[in-house]
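Chemist: Following this message is one structure expressed as structure tokens.
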Amino acid sequence: MTDQSLSPESGETPTHAGFVAIVGKPNVGKSTLLNAFLNTKVAPTSPRPQTTRRGVRGIYSTDTQQIVFVDTPGLHKPKDALGKYMNQEVQSALADVDAILWVVDLRHPPTEEDELVARQVRDLPKPLFLIGNKVDAAKYPDEAMRLYRALLEGRTGETHERMLSAQNSPQAVAALREQILDALPENPFFFPRSSASDQTREQWAAEIIREEAMKRLREELPYAVATRVTNWTEREDGLQRIEAELIVEKNAHKGMVIGAGGKMLREIGQAARKQLEVFLNCKVFLGLEVIVIPGWREDEEALRELGYE
């Protein structure tokens, strides 16, 4: 993974670079924090838990420092093969990183899922940052932070604490980012300085579409939807033509995603297209199709085909 060509020439200032996992239970603000670190959108966000399904790498670089943030799925008790894959993504990230950000929600005391995260990170000999999020909406943030801190009792590794508001003020995010930069080991850069993510454009666009679907679909249906881009072409006039699929498990789900007269699918497509146009800074044609792959969340072959491997 290391590219020696990204190292400074002999005699130049040495570079520091490392991988930093962002972990926590579902829906505590991990992806929102990652996007704030980078000042751009590389990870999907929605009010629903488990929006993030795979480890998304976001890259922040200065002239001599590089953080590769790994935004992980929320650690939880899995109900299917997809859930097991998501937990494996977390465990794999923790094994390979140089530092850990554990994000907790200060509006609530620790839950069983928080305890599960604490057990994963407590004994790891890596710098750990306990991030108390949503402090502005918490009634008793100091007491909540004390309870989360207690879950790390007995930890001997380097530990830092910081509270953040739900709005992630630029000053607070920058201060935390500087603290993380100080913890990086001396290494050559892992990615070119201009990189913001290791995702392909197709993966990124598919996640934008899935985010908009999750915002609009109800009950358990959002968790039974996957997305993939099947074709992306650019016309001579600059228009980006993107074809994508929304994958569901049942014909009944297909009807719900399409909606009466196609209303739901149009809403998802219009919202996703607007996001894509803002970030791509060009006109986009987005064509969506809903297909059925029965039981895809329990089908390991289907999961691999959808990129969960």
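The backbone N, Cα and C atoms fix where each Cβ goes, glycine too.
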Chemist: For the record in Swiss-Prot, which of the ranges 1-4, 105-108, 133-136 is the region 'G4' one?
Modeler: 133-136
Chemist: If Swiss-Prot is the reference, give me the range from 24-31, 152-159 marked as region 'G1'.
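Modeler: Among 24-31, 152-159, the range Swiss-Prot annotates as region 'G1' is 24-31.
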Chemist: Looking at 50-54, 110-114, 230-234, I want to know which stretch Swiss-Prot calls region 'G2'.
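Modeler: Matching range for region 'G2': 50-54.
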Chemist: Which of these ranges is annotated region 'G3' in Swiss-Prot: 63-66, 71-74?
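Modeler: That would be 71-74, the stretch labelled region 'G3' in Swiss-Prot.
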Chemist: For the binding-site residues listed here (Asn27, Thr72), which one has the lowest count of neighbouring CB atoms within 10 Å of its own CB?
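Modeler: The binding-site residues Asn27, Thr72 were compared, and Asn27 has the fewest Cβ atoms within 10 Å.
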Chemist: Express the predicted model's confidence over the region 'G1' (24-31) as a mean pLDDT, rounded to an integer.
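Modeler: Mean pLDDT, the region 'G1' (24-31): 88.
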